[in-house]
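**Student:** Input: one structure, supplied below.
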Amino acid sequence: MGRRTALVLLPKLHGSLRTKLCNSLHVPLSLCFCSETVSEAFAETHHTQINELSVEFNNQSHSQEHERLEQVRKFQNLLEEDRGHAVQSFIKSLVLSKSPFSSPFDLHTYFSLSAPSLKPVFSNLLFRACSDSDMVDEAMELYSLMKKDGMLPSTGSVNRLLETLINLKQYKKILDLFLDFVESGIQPNTFSYSKVVQAAVMLKDLKRALELINDMEGGGVSPSKFIYNLVIGGFCKERRITDAQNLFEEMIKRKLVPNLVTYNTLIDGYCKVGEIESALALRERMRVENVEPNRVTYNSLLSGFCDSQRMAEAGTLLQEMEANKFLPDGFPCNIFGDISGGNNNASWDKGGMIDEYTCSILLDGLCRAGMVEKAKEVLAKLIESGFIPSKIVYNVLVNAYCQEGNIEKAILTIEHMGERGLEANYVTFNILINKFFEIKEVDQAERWLKKMAEKGVSPSLETYNILINGYGCMNQFDKCFQILEEMEKTGIEPSVLSYGILVNCLRKGGKLLEAELILVDMANRGVSPNADIYNMLIEGSCSMGKVTDALRVFEEMVKNGPGPTLVTYNTLIYGLGKDGRITEAEEFFQKMGSNGYNPDVISYNSLISGYARSGNTQKCLDLYDNMKKVGIKPTVRTFHPLINAGIKEGVVTAERLFQEMLEMGLIPDRVVYNAMIYAYAEEGDVEKAMSLHQRMVEQGINSDKVTYNNLILVYLRDKRVLEVKHLVHDMKAKGVVPNADTYNILVKGYCDLKDFSGAYFWYKEMSDRGFSLNERFCYQLISGLSHKGMLQEAQIVSSDLSCRA
């Protein structure tokens, strides 16, 4: 019988000793299962070595303990010497070195036990050191420990954490933490609020930003100029320029003098929404207040002039820029007229001194004005005079050629870039790929995507977003999801915009359920939906008549954080009004003010439209008067439902509204003309109807089916049958196909004129085209045909009616 085997079990040792022992003792695998005699021999052989290692470990532990105590003494000495900066540096070095303390938690625990009297001041310094070192999680863990022990970090230390979180773009965490800090009793100062307001603005939560400003006042903290600039900038980015202006005026009332940043932000905001006159008025105000413009001011105005195609004023501005040394002396300030006017004598010898951004604005302005070739010539002359173009400048031309559909020249421009040693970057490729998707040339888009990879240019987040949008617009949603998976593999996190694009495409494709499921995927990936995504889902539900679903999404939006925006309220007001739920629409209209949003022209238009559908003309007129009283200028779209509602009151009311519209400088569109022509048709005023139609044609507005139907009605009311026939012939000749309404008007009109033979002619054409006559008109036609002795025709109409029944 063989000897018993025994498993050799190593003694349980401290981690560091066990590691050292394992490195010292090379135990053959065979000895793990061996005879008792052999195992005993092995144990005896190495027993001495284990003892030696234990002694070494004890010496190391004693040394480490000694080092820890030395650090405590050093901290005490520095504190007693009141060497604040040295204390902070000392703490930070201990945190980062991870020796002799393995973590900030370990450091805090040891100091708390070794020097309890120093615990409050040390905890605060340690909290700040973690914040300074971007160790946010550790700082928060320490904050929890301090709260448990009845201590709080100083406002200055909290501010440092908030600043770190801003740098790390953890904006949502800032809002949550700030609420916790305040509830814990930490007194925030102006700097604290500035960081939290900045986070709210970055999250586009401007309602929260305004609430924070109000909280500051309630807490006795004065909002700073910096804070106002932040929120004004946020409103401008959201194109809420009226709110930005109101905040600007409030800032002045508080005796805060706007600085260059304030003016530049607001001027750029005005230019972005096309309100150039307001931007210029603000520029004049800068002169009065002795605030000197800088390059940013001029570039914003230059961009605004170019976007509005006000090239002469852009040229004048260039002259002012040159006078103020923002352009090189001798720069051709009549750049917008030189080449096309044949004047090639302008001085270009200082072109090399123009900066890249200003050059990009100039070229982009020419391109937006439809002068792409001129922009190309200007760039060539600038290059001749010493200007060194970058990829950014060339990309302006590539984009312009794509915008006008000239892809060949866009590609040639890319080749010219290469000749100058400038390789196309991801922006260049993105422009082309996007254009090919736009014109449905998917094969070309994919070919350029492949070429991009061959050139070693990695797809950017924007590239993937273009692909998602491109495939999504073609309802190729499987490919959209493949793109998301590919992004994950390449380490590019889909952004809120990426998901927003997909949600928008699904919404447009009528796939609302799938669009809502995207929210679940976003939550799984830790991406919070923004207000735009919720607004898309709400709009999609409203457009499909699913208002109850829209309200459910609204509740989720309120519950999950982004909060409703002005767009949210306007969409729901319109959707509810369209669905006949006008009382609820009115309630949302009233709620806007209490949630920090003032109704705008779209809000009023939506509510007026709802009341017009419900037949409440007086309420429409009241809302119209009210919007004028509060300083909101009606638009052409305001008059669409308003005139239609006014017609029910009579043509006099409709005419009054039409005249007021003209006095406001608004140009009537087809919808307005059609409504007024119909009003005159109902009144039987042929001359006014025809005069208005002539005015419409002279304005360059083509007649549509509604126009023709109204004109047919006018002529029938005036018994001008021959003109009716000519009108129908003209309608068909211009490619406007008569619809069911057209034929119903014709049959009914001819019946009223007792021309039942003519009415039957239109009835037959109507039937042959697959349209059905109104049942009431059928009985009128049958009766008339029978009375005229056209019994066979009457029988046909009667049989058709019976078949339909």
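Quick reminder: no glycine exception, Cβ is built from N, Cα and C everywhere.
Per TrEMBL, repeat 'PPR' is recorded for 119-153, 224-258, 259-293, 294-328, 390-424, 460-494, 495-529, 530-564, 565-599, 600-634, 669-703, 704-738 (among others).
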**Student:** For the repeat 'PPR' (460-494), what are the same-chain contacts with Cβ under 8 Å, counting residues 6+ beyond its ends?
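**Tutor:** Contacts with the repeat 'PPR' (460-494): 426-427, 429-430, 433-434, 437-438, 440, 442, 445, 449, 452, 501-502, 504-506, 508-509, 511, 514, 525, 527.
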**Student:** Using Cβ atoms and a strict cutoff of less than 8 Å, what residues sit near the repeat 'PPR' (390-424) while being 6 or more residues removed from its termini?
**Tutor:** 356, 359-360, 363-364, 367, 370, 372, 375-376, 379, 431-432, 434-436, 439, 455, 457
**Student:** Of the residues in the repeat 'PPR' (390-424), how many are helix, strand and coil by DSSP?
**Tutor:** 26 helix, 0 strand, 9 coil
**Student:** Any idea what the model's mean pLDDT is for the repeat 'PPR' (259-293)?
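**Tutor:** Over the repeat 'PPR' (259-293), the predicted model scores a mean pLDDT of 93.
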**Student:** DSSP-wise, what's the residue breakdown of the repeat 'PPR' (460-494) into helix, strand and coil?
**Tutor:** 27 helix, 0 strand, 8 coil
